[in-house]
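Chemist: I have a structure I would like to understand better, so I am pasting it below and will then ask my questions one at a time.
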Amino acid sequence: MKKFLIAVYGCLLLLLAATTFVEQTYSTDFVEKHVYHTIWFCCLWGALAAMTVVVLVRQRLWRRLPTLLLHGSFLVILAGAMTTFLCGRKGYVHLTVGSEVNCFLEQDGRQVVELPFTLRLDSFRIEYYPGTDAPADYISYIHGETPVSMNRILSRQGFRFYQSSFDEDMQGSWLTVNYDPWGIGVTYSGYLLLGVSMLWMLVSRGGEFRRLLRHPLLKKGGMFVLLLLCLGSGVHAQKRSLPALARKQADSLARKQVIYNDRVVPFNTLARDFVLKLTGKPSYGGMTPEQVIGGWLLRPEVWQNEPMIYIKNEALRRLLHLETPYA
């Protein structure tokens, strides 16, 4: 039974990995229709859950409550997903200014579902970042309700409404509707059990984590890692130092607000994107992004000779006669 459980689990992992590539090639709706919402896929998960219960009983895991709770939390999460699949509904509602709507269209477009209440759109507007033409938020003002925006959800009688799109004339708004009165609660309960069980396993005296910490090989490995860190810091100290801002000045600069890509963002966002674009990493030479970009601004004649532009293409590296991936 245990080998069969591992085989089913492996098949599910391979299937989910393959589905990720299929979703990129086609679409999420295609994958949901042909994989996620099919009977055979649900049966596969059901078989995995049933075999897990059998293994838990055979192994008598009730003697180890943290481990039992950990495995049980995954079963609760699966139960929540199944509840959402069976009882949940998803669709779209189109609101126009001044008109009342008491129904929504399901995602597949085949069925119209009535709402137990009415919605009326008073107005719709777009907020922009100050001093730019870049949209910051899309807001639908529903009569008698809190506004619905990209980061604000309207919840009413188990229905959740999300801002999805809008009409070109700004006189209409499209909201995504999600109705899942039971599945969300069950799933969140599973997540809560998962967190409790993991903490319990960490603090349990007879747990595997405590036993692993006392293992002699782990202690030797810790000394080896510490030695590597010391050697790495010594090698780093031998590198040629580059002119850059002091760490304290760079950290204070990181919180300054700048306009970047038509948005008001912290300077850290601009600096991180700059370093990531050049080096392929969010930092360089042990320096923060703010230190790097500060060095470029203050001492460009030194930094322009630093090989920090990451060349990903091997053919281009050979063409440029590079011994390392950086030019």
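Glycine residues also receive a Cβ, built from the backbone N, Cα and C atoms like all the rest.
TrEMBL: automatically predicted annotations, no manual curation.
Sharing the record's features from TrEMBL:
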DOMAIN    61-169  domain 'ResB-like'
TRANSMEM  38-56  transmembrane segment
TRANSMEM  68-86  transmembrane segment
TRANSMEM  182-202  transmembrane segment
Chemist: In terms of Cβ proximity under 8 Å, which residues at least six beyond the ends of the transmembrane segment (38-56) contact it?
Modeler: 1-2, 4-5, 8-9, 11-12, 15, 68, 71-72, 74-75, 78-79, 81-82, 85
Chemist: Grab the same-chain neighbours of the transmembrane segment (68-86) for me: Cβ-Cβ under 8 Å, and only residues 6 or more beyond its ends, written as numbers and ranges.
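Modeler: Result: 37, 42, 45-46, 48-49, 52-53, 56, 61-62, 180, 182-191, 193-194, 196-198, 200-201.
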Chemist: Any idea what the model's mean pLDDT is for the domain 'ResB-like' (61-169)?
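Modeler: Summarising the domain 'ResB-like' (61-169) by its mean pLDDT gives 88.
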Chemist: Summarise the domain 'ResB-like' (61-169) by DSSP state, stating how many residues are helix, strand and coil.
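Modeler: For that range the per-state counts are 26 helix, 55 strand, 28 coil.
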